[in-house]
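Residues or ranges marked as ATP binding site in Swiss-Prot (evidence: sequence analysis): GLY199, GLY201, LYS202, THR203. Taken from Swiss-Prot, the feature region 'Domain I, interacts with DnaA modulators' covers 1-69. Per Swiss-Prot, region 'Domain II' is recorded for 69-154. What Swiss-Prot records for 106-126 is region 'Disordered'. The region 'Domain III, AAA+ region' annotation in Swiss-Prot covers 155-371, and the record cites sequence analysis as its basis. The region 'Domain IV, binds dsDNA' feature in Swiss-Prot is assigned to 372-491.
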Amino acid sequence: MTTWNKCLKKLKKSLSTFEYKTWIKPIHVEQNNYLFTIYCNNEYFKKHIKSKYGEIISSTIQEFHDGDLLIEYSNKKFSGEKSPEVTSVGPQANFFNQKNVEIKDDSEETSLNQEPKKSQKKLSSKNSASQELFGFDEAMLITDKDDQEYSFGLPLKEKYVFDSFVVGDANKIARAAAMQVSINPGKLHNPLFIYGGSGLGKTHLMQAIGNHAREVNPNARIIYTNSEQFIKDYVNSIRLQDQDEFQRVYRSADILLIDDIQFIAGKEGTAQEFFHTFNALYENGKQIILTSDKYPNEIEGLEERLVSRFGYGLTVSVDMPDLETRIAILLKKAHDLGQKLPNETAAFIAENVRTNVRELEGALNRVLTTSKFNHKDPTIEVAQACLRDVIKIQEKKVKIDNIQKVVADFYRIRVKDLTSNQRSRNIARPRQIAMSLARELTSHSLPEIGNAFGGRDHTTVMHAVKAITKLRQSNTSISDDYELLLDKISR
C-alpha cells in the first residue's frame, strides 16, 4: 500500500463522508520520493483545500512518510495515470517541527521552520477563492459541531432555534409550517414563503429551519443566505467567468434559504439566475424557503413567473405579536439572560413598544442594563426613566373612543355605526378591527370593551379578536390596514 493510500484510509475515518467525497476524493496526489504534488483541478479548489484541510493532510502524510517532505499544491489537472484514489486537501499547515517539511504551491514556498511570509498570510486570510467568488470564507460555512460537515452560505446562528421562538396568534401558523419543512424538506409546503414587517421573527424562523433540519439530517446540504449576498455572488461569478461554479454550489443544496428575496426585484440577470436555480431545486424535490417584507404579488418589479412559482407552496405571514405575546417574549428573553423581570415591568414595556420584536428586545436590554448598573430592580419607574428617549410614553392611555374615531375615519363610516346593531360587512369588519385594537392597546377587560361597543357580550369581543388575528394571517389587505391603524393610534 502506498503512502498516500495509507493517508486516504486515515483521512476517510477522520473526516465526515460529505467532506471526504466533496473535497478529498476529487483530487489527485503524485508522490516522487519526498515530493507530494497535490493536483486540485482549479484555483478555487486549491485555495479552499489549502486553507481548510492543509494541516490535517500535512500531519497525516508525516505520520506515514519517513524523512524530509515537500508538499506542493497545484491548480492544474492531473495529467498522468490516475492513482487508485487520490486526493488533496488542506489549509496551509500549522506545521510540526519533527521533520523538515515544506509546503509549496504554484506561486510560493514556505518552510515549516520559518516565519510565514507575507504572501502566506495573504493566502490563509479571507482572500481565498471561495471568498472572492462567493463572498464567504471558512468562518462563514455552516458547521455542525459533531461531524464538521459544511454547506456554503452565511452562518446559521445557534440562538435561532424553535425553542427560543415565542409563539402567539400572530405567528403560530408560520412557526408550524417552518417546523414541518425542517422535518420533511421538499415534501410539503415547497416553497415556504414567509412575509411580514421588519423585526417580527422571519429570520429567526428561517434559521431555526436550517438548524433543526441539520439536527434531523446532519448530511443535508443547507445553504442559508440573503438576497444581497446572492446578488453579490452572481455578479462575482460573472466577473470571474465562473458561473458554472456558482450554479453548482447553489443548485447542489438540499435546502435553500434566502432572506429578503424582494431585493432581487428589478435585477434582471440575478432574477433570471434565481429563476433557473429555483426550477432546478424544485424539480429535484429540494426545499426552498424564502422571506420577504411583502406578499409576493405586492413586491414591486418582481417578475410574474417568480410570483407564480412562489405560489407553488405555502405563503404565511408573521405579524406584530399581540400584547400577551409581547409580554411572554420579554419574560422569556429576561429568563434566558438570567435576569428577573417583574410582570408589571414587562407589561409596561410591551404596552409602549409596539413596532417590532427587535425593538422590544432592545428596550428590554436597556432596562435590564440600566437597573444592573444602578444596582436597582427593573421596576416600572426604572423602565420609564431609561426608555423616555426610546418610546414616547403617552401622557394618557389610549382610550377606546379614540380608537373608534380613528377606525371610523379610516373606513369612512360613523362612530355610531361601530356601536350600532348593523351587521353589514362594511360595518362589521371595521367593528371587529376596532375591538381587536382596543384589546391590544388598552388595559380594559373584555366586558368593558364589549360595553363600549353598544353593550356587546365579552364573547363577541373574543370572537372579533380571533377573527382579525386569523384574517391578518391570510389577508394582506386586512393586515396592512391593521398595521396602519396601529401606527395612527400609537402616535
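Heads up, residue numbers simply count up from 1 along the chain you see.
The backbone N, Cα and C atoms fix where each Cβ goes, and this holds for glycine too.
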**Prompt:** Which one, from the binding-site residues GLY199, GLY201, has the smallest tally of other C-beta atoms lying within 10 Å of its C-beta?
**Reply:** GLY199
**Request:** For each of the binding-site residues (LYS202, THR203), count the other CB atoms lying within 10 A of its CB, then report the residue with the highest count.
**Result:** LYS202
**Asked** With the ATP site defined by GLY199, GLY201, LYS202, THR203, which remaining residues of that chain have Cβ atoms positioned within 8 Å of the Cβ centroid?
**Response** GLY196, SER198, LEU200, HIS204, LEU205, THR291, VAL318, ASN356, VAL357, ARG358
**Message:** If you average per-residue pLDDT over the region 'Domain IV, binds dsDNA' (372-491), what number do you get?
**Reply:** 85
